[in-house]
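A.B. asks: Below is one structure. I have some questions about it.
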Ligand SMILES: Nc1ncnc2c1ncn2[C@@H]1O[C@H](COP(=O)(O)OP(=O)(O)O)[C@@H](O)[C@H]1O
Ligand SMILES: [Mg+2]
């Protein structure tokens, strides 16, 4: 389906050789049917805009790599690979790529517009059951990616987008390689959500598990433990509050500093979660569904 000979590969190269550097996009600018509304974020190599789809009458997020990066053939290869990864990952927990093509010399990736990122959401209080529901959706999403042999490499709250009906979706797939070259880890002096071995240049499925576990730890404890992640972890008492001991043990295993002690991949993590019947210690509130769809929860509130 996504072979090296597909037309996308050809057109990316043709356009990258056109030296005309497109101008910065301004608010109100038109790109075919899209009207730029505002700038949402700027990463290592691309800018994300909120835009209005004048045909479909709805808001979209446009991710547009800086044109100077399109002159670099390594970046073109990375971009091509990442676009194809996102195009083939069809899962409710992964942000859907609606379209990707050149418009007026800009390479434009089009996504549904979300409400905010998990990083934004973390600044406000989140109910325990909601936070656990998000955690389960995140594990399902990364497990699905790992099933497709896709490593994310940059799992962090900024890369999860929230949508209505308590839905959370992972985005920014596999772009870490491009970003890493633009922002060396040493520049920040902090690992953030990155596994120690990944910081040493060895990313793998276990390092994705670590980052995912740390995001979930942050979501449920309000704290972000730092290297070397030794006990007592900051916020550990808060983490345990209201959670079953099985669920806490699952999170701890995911963020073990020793890669071999973690889950092999997010699929193994998802399997462990599916064996946990009650994530919350108050069993009347939430019970996990059957293992064929682990993220589905049934809520039975006590009268
Ligand atoms: N679909 C979306 N809906 C709402 N905001 C988005 C969406 N996609 C990206 N953003 C915002 O733009 C930021 C950067 O997007 P991302 O895809 O992570 O690119 P990068 O980090 O490579 O610049 C996100 O952290 C988020 O704040
Ligand atoms: Mg990002």
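In case you wondered, yes, glycine gets a Cβ from its N, Cα and C as well.
TrEMBL feature annotations, pasted as is:
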type    : residues : note
BINDING : 63       : ATP binding site
DOMAIN  : 34-281   : domain 'Protein kinase'
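Help me picture where these features are in the structure shown.
C.D. replies: The DSSP secondary structure for residue 63 (ATP binding site) is strand. All protein chains shown were included, and the count of other CB atoms within 10 Å of the CB of residue 63 (ATP binding site) stands at 24.
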A.B. asks: Along the domain 'Protein kinase' (34-281), what average pLDDT does this model show?
C.D. replies: 90
